Structure formats: structure tokens, C-alpha cells
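Some notes on the structure that comes next.
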Amino acid sequence: MGSCVGKERSDEEDKIDFKGGNVHVISNKENWDHKIAEANKDGKIVIANFSAAWCGPCRVIAPVYAEMSQTYPQFMFLTIDVDELMDFSSSWDIRATPTFFFLKNGEQVDKLVGANKPELEKKVAALADSA
């Protein structure tokens, strides 16, 4: 378990890899709005992962998040790089990465700060059971 709080990003750092999953990378506000509208139309719960390429815990939890996106196709898994979308991320009051928001019909129903795999799995499973 862990989280990162602020660090300057170097240009050499790679993006976080969500290989093998069904994670949608959000690159701008319009893309976010489109995905939220799509999820609402389809009745899907959105799990939004605010992370950063330089954040070690974000990199550790990424394969878990990707795997969950395969296990729970009834949800929409999104990821937002806080450095690429600084203003948008600030509007969500991100204080540490990773931060996960759970949204139903566009409204926040839960939140998790940090790369706490057991807690993330518990929250996602609970949402799956209640859906």
C-alpha cells in the first residue's frame, strides 16, 4: 500500500502500462465527458484512477487495475494522468496518487486513496455485488 504526493516529472519517464486490460486512458476533458455519458447510458459504474507516471505505487497497482477491468466488464475503468490533465485533476481535489473514484450515474459513490490492493478489490467486489 502506498501513495505519492507531488513530484516533478521528467520527460524520459514512460507512461503507466495497463496491458491486457480494458482500461480507457483519458487524454482530455471531452474524452472524459464522452466516457461518462457512455457509462451512464449503459448503466455502468465508472472506476476512475487518477495516477502519475513517476508514482511507484501507481505502477505497482496498474496491472491489478488492468486485470480487474477484465474481471468486471460491467464497469468502465478509466485512468487519468494527473500531470497531463492538471486542471481537470485539480477539480477532483487529488492530493495523492493513485486516487480511485467510484461513480454511478456521474455521482461519486466511493473513493480510495493509495495503492491498497485488498481494499481496491474489496470495494470493486462490493459494487459488483450491489449492481
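Any Cβ shown, glycine's included, is placed from N, Cα and C.
Here is what Swiss-Prot says about this protein:
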ACT_SITE  C55  active site, nucleophile
ACT_SITE  C58  active site, nucleophile
DISULFID  C55-C58  disulfide bond
DOMAIN    3-129  domain 'Thioredoxin'
SITE      G56  site 'Contributes to redox potential value'
SITE      P57  site 'Contributes to redox potential value'
Quick one: what's DSSP say for C55 (active site, nucleophile), helix, strand or coil?
-> coil
Which one of the recorded sites (G56, P57) has its C-beta surrounded by the most other C-beta atoms within 10 angstroms?
-> P57
Where DSSP helix means H, G or I and strand means E or B, what are the helix, strand and coil counts for the domain 'Thioredoxin' (3-129)?
-> 49 helix, 33 strand, 45 coil
Tell me, roughly as an integer, the mean pLDDT over the domain 'Thioredoxin' (3-129).
-> 90
